[in-house]
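Take a look at the structure set out below.
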Amino acid sequence: MGVAIRDILADCKETLTWDDLSGIAALDAHNALYQFLSIIRQPDGTPLMNGAGRITSHLSGILFRTVNFLEKGIRPVFVFDGKPPEFKQETINERREHRARADEAWKTALREGDMEEAYKQASASARIDSHTIASSRELLDLLGIPWVQAPSEGEAQAAYMARQGKVTYAVSQDYDSLLFGSPVLVRNLTVSGRRKTRGRTITVNPERIVLSSFLDRLGVTREQLVKIGILVGTDFNPGIRGVGGKTALKIVRNGEFESVIAEKQPDFNPAPIRDFFLNPPVTDDYTLEWRTPDVEGVVEMLCGRYDFSEERVRSALAKVSVKATQKTLDAWF
């Protein structure tokens, strides 16, 4: 879900081409995996699976999107969530219940023969489990792509790496990265391209938001942006009913944040959430190293255990090999 500040971002988004995106991209791994699991499905909403019934949509997404990244001069690093803060538990429970309702709605739509509704509800029912994480990391290792284990929120770690200059930008569909202080956020990187939605095909392009320009345009500081986020709602609190981005911006600019919270939610203490956004748990215990893919290892995993087409897997990996030979291996990996 992320923080609900879309309505004050309209003039701050820059549509990009792939040529604008070369560099090191720190991806919110859980966010990317949810995108893969939601989108990579059959027309009736059924996820891709192997013969044993193991879901493989996320592995397909990692393989083909990563190859696409490398072809375009983007070196990805996947940042995985660690332990969530205690005040996120309510949101986690709500999301679990939402996925369960969506799963039931998917089954109902299938029985009624409504394939469009079935696909929609199936996408909303996507879930990540321990096998999803373990298999994703295994594939990344075989592809030679680094991944980082965050102590807590992956977006916070990615934003920290961007602030330290270790990566070029953070990648997520959510806007939390801005509250966590990422200098640059890129959206739609894992979902860009032509997609079918509501019976029609649309083109989704990557977009970039530069934090300093965003703050200047709004006339606020990052701490004030966090206050805006708290007012409209984040992953850690529901926000104040009826308060959208524009109203929250006015409240914060007028110095009324504390008084509005005291009036509307007298039992709510925003300080722990504010402090978490401004000083989240992060780590320097990681290494960013891109290696040439272990082609036979990838084939053994995806084709031998997950029933992927060997021809498609080898063809995808060959694109990376061809790209690497056009540069030097050292320059690429």
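Note: Cβ is positioned from N, Cα and C throughout, glycine not excepted.
For 1-99, the entry in Swiss-Prot reads region 'N-domain'.
Taking a C-beta cut-off of under 8 Å and a sequence gap of six or more, GLU155 (Mg(2+) 1 binding site) has these contacts in its own chain: ASP28, ASN31, VAL79, ALA170, SER172, ASP174, ASP176, SER177, PHE180, SER182. Feature annotation from Swiss-Prot assigns Mg(2+) 1 binding site to ASP28, ASP81, GLU153, GLU155.
Here the region 'I-domain' (117-255) returns a mean pLDDT of 92 for the predicted model. Per Swiss-Prot, the feature region 'I-domain' maps to 117-255.
Following the DSSP three-state reduction, the secondary structure of ASP174 (Mg(2+) 2 binding site) is coil. Under the heading Mg(2+) 2 binding site, Swiss-Prot lists ASP174, ASP176, ASP235.
The feature region 'Interaction with PCNA' is assigned by Swiss-Prot to 325-333.
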- [ ] Using C-alpha atoms only, work out the spacing between ASP81 (Mg(2+) 1 binding site) and ASP235 (Mg(2+) 2 binding site) and round it to an integer in Å.
- [x] 14
Task: DSSP three-state assignment (helix, strand or coil) for GLU153 (Mg(2+) 1 binding site) - done: coil
TODO: Would you please pick out, from the binding-site residues ASP28, GLU153, ASP174, ASP235, the one with the fewest other Cβ atoms within 10 Å of its Cβ?
DONE: ASP174
